[in-house]
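Okay, so here's the structure we're looking at.
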Amino acid sequence: MSEAITGAERYKSGVIPYKKMGYWEPDYVPKDTDIIAMFRITPQAGVEPEEAAAAVAGESSTATWTVVWTDRLTACELYRAKAFRTDPVPNTGEGTKTEQQYFAYIAYDLDLFEPGSIANLTASIIGNVFGFKAVKALRLEDMRIPVAYLKTFQGPATGIIVERERLDKFGRPLLGATTKPKLGLSGRNYGRVVYEGLKGGLDFMKDDENINSQPFMHWRDRFLYCMEAVNKASAATGEVKGHYLNVTAGTMEEMYERAEFAKSLGSVIIMIDLVIGYTAIQSMAKWARKNDMILHLHRAGNSTYSRQKNHGMNFRVICKWMRMAGVDHIHAGTVVGKLEGDPLMIKGFYDTLRDRHTPVSLEHGLFFEQDWASLNKVMPVASGGIHAGQMHQLLDYLGEDVILQFGGGTIGHPQGIQAGAVANRVALEAMIMARNEGRDYVKEGPQILEEAAKWCTPLKLALDTWKDITFNYESTDTADFVPSETASV
């Protein structure tokens, strides 16, 4: 039962605990139109979990540190966020190595948020509250976004279905690679790397997150050399090819200029970095839809707030926001690569990006049922420490609506870049054929690759070079409800 103070007592000057100010309502039944956020809270010593949850609700909606009489000039009972449930987090507290943590569920009325604005949504949900003294640590784990609010967003500019139609590529994952080294190449040498990768069988090549316009290579030179490579590789192979031209810059005006130049050169795709901010991302997504351009997002900077389990924000929330904002691609983990990624958590990320309707799945970190209405699907990108010898695992874990990006696994091939691309394309085609023939490609994966390598020297060399490479480290972000270990290869 709520312990809120009501009537004249509620508006007397002074400080009242958030729990008694109306921000804790255990009997509250969320409306279909409410936005619900689920936080992982570590309260300060001596602070009840309900008070900590109420404090988060208050500070992320209408409250300040003391009673203000101007509350009476608003429909404050409506506009207050309402913490309505707290649950102890499994495997925390007494008898464990971790302080006691709680899952806190908070409902927000839809009228608290500007339609179609990720910036306004985040200003409340992850604004001042993360520095609030009442909690020792705070992490946003998941959100339920009502359809009424989703419909105010554009969603992905292109979507998976239209992207495949434009590329004329179906029934398999797409293949890509990031140009390496990411910094230092001249424009001409950079373009040569792009050509070799595409000519060898990749669908895409990619700029890395921090290649923009530096003294060693101006952005315009890079665009010209890359598109020359794309056009030559397309003519040589008869396939539609692309290169993610990174238009990230210091101002929106510069980003629009670079995007327009990419369009004028015939590019099918441009790229931006997560660090440009939510408003800039939405702006570029609107431009991309207007100009029939695929929009790739590199999640640069994400791990600064998503990697630690007790504070920050789970990547699944970023996945939801970016689908709303309108990107077509986003890096979402590999399971078997060099970057952080628990198998169960990554399944939750991929489902969030690709499903029309996401059911509750606690083992995958999905705490809310989510109807995505008519928003397009996002194509997840798997990159970072993957190679041809893992192809059966990648197909099994990630499915076919994914882009597999083999950067070092292409450019580091002992016979060169084109041979590295050939190895990856042959490995993928062999695995897809085995799957389509009804073979158990997961169990027989190594054998399938060895059979293909008998007539493909680049694949044989790739398997020999990287067969013993593993990144078997413990994940920091694991499921709370199902014990799991990072996959080994």
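In case you wondered, yes, glycine gets a Cβ from its N, Cα and C as well.
Copied from Swiss-Prot, the annotated features are:
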type     : residues                                       : note
ACT_SITE : Lys180                                         : active site, proton acceptor
ACT_SITE : His298                                         : active site, proton acceptor
BINDING  : Asn128, Thr178, Lys182, Arg299, His331, Ser383 : substrate binding site
BINDING  : Lys206, Asp208, Glu209                         : Mg(2+) binding site
MOD_RES  : Lys206                                         : N6-carboxylysine
SITE     : Lys338                                         : site 'Transition state stabilizer'
Between Asn128 (substrate binding site) and His298 (active site, proton acceptor), what C-alpha distance do you get in Å?
26
Can you give me the Cα-Cα distance between Glu209 (Mg(2+) binding site) and Thr178 (substrate binding site) in Å, rounded to a whole number?
10
So which recorded positions out of Thr178, Lys180, Lys182 end up within 10 angstroms of His298 (active site, proton acceptor), measuring C-alpha to C-alpha?
none
Among the binding-site residues Thr178, Lys182, Arg299, His331, Ser383, whose Cα is within 10 A of the Cα of Asp208 (Mg(2+) binding site)?
Thr178, Lys182
Glu209 (Mg(2+) binding site) falls, by three-state DSSP, under coil
In angstrom units, rounded to an integer, how far apart are the Cα atoms of Arg299 (substrate binding site) and Lys206 (Mg(2+) binding site)?
14
Which of Asn128, Thr178, Ser383 has the fewest nearby Cβ atoms, counting only those within 10 Å, among these binding-site residues?
Asn128
Enumerate the residues of the same chain, Lys206, Asp208, Glu209 excluded, that satisfy the criterion Cβ within 8 A of the mean position of the Cβ atoms of the recorded Mg(2+) site; list them in sequence order.
Thr178, Thr179, Lys182, Asp207, Asn210, Ile211, Tyr244, Asn246, Met271, His298
Here the recorded positions are Lys182, Lys206, His298, Arg299, His331; which one has the lowest number of other Cβ atoms no more than 10 Å from its Cβ?
Lys182
Which of the three DSSP states, helix, strand or coil, fits Lys182 (substrate binding site)?
coil
